[in-house]
Amino acid sequence: MAQKDHPNGPKKSASASSKRWMYEHVNDFYVKEATKKGLRSRAVFKLEEINKKDKLIRSGMTVVDLGAAPGSWSQWAVDTVGLKGKVIACDILPMDSIAGVDFLQGDFREDAVVNALLARIAGHKVDVVLSDMSPNMTGTVGIDQPKSMYLVELALEMCKEVLVKEGSFVVKVFMGSEFDLFMSEARKCFKSVKTRKPDSSRSRSREVYVVATGYKG
């Protein structure tokens with residue numbers, strides 16, 4: 001449920017920074033690789049690298065993917081869990097269907113959407129919760145970081161509802177004033193909590209991925 005790239009988000013005139021971003025994007029190695037492999041975005045390589053290091057997602061698992069659009073994480077996850085596994089995805093934005101992925105469109109900040117997602121899970125526990133959610137960015141850290149942390153905290157609350165004991169959680173976090181507090185909260189719930197900065201994450205970006213394993217239940 002990527003609050004990212006929302007069609008109603010703030011519109012900015014073409015600036016030097018946006019032109020630089022576009023130049024880097026079209027010349028980006030990971031963008032080219034994703035296009036060549038028929039994947040929906042370069043973000044897939046972040047999850048692939050994290051999973052290679054931490055071995056979180058395996059055949060037969062059930063995975064919840066929050067902030068799923070345009071779908072590259074769900075694509076990768078459903079291929080990895082195979083026919084005996086399950087992927088349930090959610091995003092505020094529409095997402096083209098992916099075979100084997102149960103997709104719910106809605107705003108994860110709304111109780112009705114969370115309840116609908118829980119209904120899709122149908123009382124079963126899941127092995128991994130993924131969250132690549134991000135708010136519409138204004139460029140003002142004092143606004144963007146709290147909005148981002150709110151989504152991170154909602155994803156952690158979802159873990160408490162649905163994760164199997166010893167389950168795992170991967171969440172995108174933007175470094176800022178509330179980061180240490182979130183890490184402290186995550187450590188109360190998981191045996192191991194670490195940060196990852198995948199090679200495919202742009203170096204200028206303040207994003208990191210928190211990888212939490214061994215859910216205490």
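Each residue, glycine too, has its Cβ placed from N, Cα and C.
Annotated S-adenosyl-L-methionine binding in Swiss-Prot involves GLY71, TRP73, ASP91, ASP107 plus, out of the candidates ASP54, ASP127, ASP132, the residue ASP132.
Neighbours of LYS172 (active site, proton acceptor), defined as other CB atoms within 10 A of its CB across all chains, total 25.
Other C-beta atoms found within 10 angstroms of the C-beta of ASP91 (S-adenosyl-L-methionine binding site) number 26, with every protein chain shown included. Rounded to a whole value, the Cα-Cα separation of TRP73 (S-adenosyl-L-methionine binding site) and LYS172 (active site, proton acceptor) is 13 Å.
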